[in-house]
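Undergrad: From TrEMBL, here are the annotated features:
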type: BINDING; residues: Met51, Gly199; note: substrate binding site
type: BINDING; residues: Arg126, Thr172; note: ATP binding site
Amino acid sequence: MKQPDLPDTALVAQSLSLFRQRAPLIHCMTNDVVQSFTANVLLALHASPAMVIDAGEAAQFSAIADALLVNVGTLTHARAEAMQAAVQSACASATPWTLDPVAVGTLDMRSAFCQQLLALKPAAIRGNASEILALSLQQGGGRGVDTRHQAEEALAAAQHLAQRCQSIVVITGEVDYVTDGERTFAVPGGSPLMTRVVGTGCALSAVVAGFTALPGDRLQHVASACRVMACAGAQAASEASGPGSFLPAFLDALWNLNEEKLK
Ligand SMILES: Nc1ncnc2c1ncn2[C@@H]1O[C@H](COP(=O)(O)OP(=O)(O)O)[C@@H](O)[C@H]1O
Ligand SMILES: Cc1ncsc1CCOP(=O)(O)O
Ligand SMILES: [Mg+2]
């Protein structure tokens with residue numbers, strides 16, 4: 001297997017600049033825990049988040065939005081129905097959609113639902129290592145919403161999943177891996193403090209959704225999304241004294257990120 005590439009800094013800066021210029025409208029169907037943090041992360045990057053969740057409205061909105069995020073973190077039967085309607089409408093309107101399979105493998109309803117959604121070909125899938133393993137192998141799972149595995153352990157499963165769904169698959173961890181099943185990027189950086197506040201993974205999935213809406217090389221754009229979050233995470237951790245001060249520092253770091261800082 002070919003060694004993963006590191007994303008080129010100039011190309012990451014180009015993706016970020018295009019993202020800020022385009023300011024994508026991102027339809028977020030996400031969990032109850034991370035709504036506000038997700039919206040703030042997207043706003044700090046100049047995007048426009050909108051959390052539309054009623055089945056009828058969600059189907060209408062995903063056709064208008066630039067990208068759709070489906071995150072099953074606090075799934076209910078009613079939400080699954082609304083998400084299904086939104087994804088169907090997104091597919092009919094060529095709106096790219098991204099799946100965050102929170103805690104898949106651990107719980108039966110969301111595991112079955114995510115398998116069902118995969119047939120509707122997400123543009124991207126972003127999860128931690130246990131989630132990507134469980135989604136790909138249809139068994140196993142993490143410790144609730146947390147991973148039990150290292151990202152490297154899920155790489156072959158991610159490549160397989162990417163080929164099966166013709167999607168881009170992101171495994172996050174100490175190093176993030178981004179693959180379309182053929183090419184793979186490795187994105188180092190970030191900070192362990194990112195796992196000590198809730199929602200960095202979920203917010204990254206929303207950012208990934210936004211980057212899938214950009215024209216050009218989608219794999220490169222998604223790797224750029226990971227690099228942007230990792231850089232901001234490292235910068236914020238260097239200034240913070242713990243999870244509390246990390247959060248505002250992270251939003252500021254996203255806001256102030258530029259090519260110089262990406263190096
Ligand atoms: N040990 C680590 N060192 C650096 N960054 C990390 C580490 N673990 C996770 N991250 C970063 O934290 C963010 C959330 O990833 P992760 O914790 O894997 O997702 P989730 O919250 O869905 O479990 C990602 O940007 C990832 O790169
Ligand atoms: C704690 C929790 N419980 C259900 S969803 C959720 C948030 C998970 O956020 P992340 O996957 O970004 O850590
Ligand atoms: Mg998660």
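Note that the numbers count up from 1, one per residue, in the order the chain is shown.
Here the Cβ of each residue, glycine as well, is placed from N, Cα and C on the backbone.
Please go over these features one by one and say how buried each is and what sits next to it.
TA: For Met51 (substrate binding site), the same-chain residues lying six or more positions away in sequence with a CB closer than 8 A to its CB are Cys28, Met29, Thr30, Gln35, Ala39.
Under 8 Å, Cβ to Cβ, and six or more positions away along its own chain, Thr172 (ATP binding site) finds Arg126, Gly127, Asn128, Ala129, Ala151, Gly201, Leu204, Cys226.
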Undergrad: Cβ under 6 Å from ligand 1: which of the binding-site residues Met51, Arg126, Thr172, Gly199 qualify?
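TA: Cβ under 6 Å from ligand 1: Thr172.
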Undergrad: Have a look around Arg126 (ATP binding site) and count the other CB atoms within 10 A of its CB, chains all included.
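TA: There are 31 of them.
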Undergrad: Enumerate same-chain residues with a sequence separation of six or more from Gly199 (substrate binding site) and a Cβ-Cβ distance below 8 A; give 'none' if the list is empty.
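TA: Gly199 (substrate binding site) has long-range Cβ partners Val33, Val34, Phe37, Thr38.
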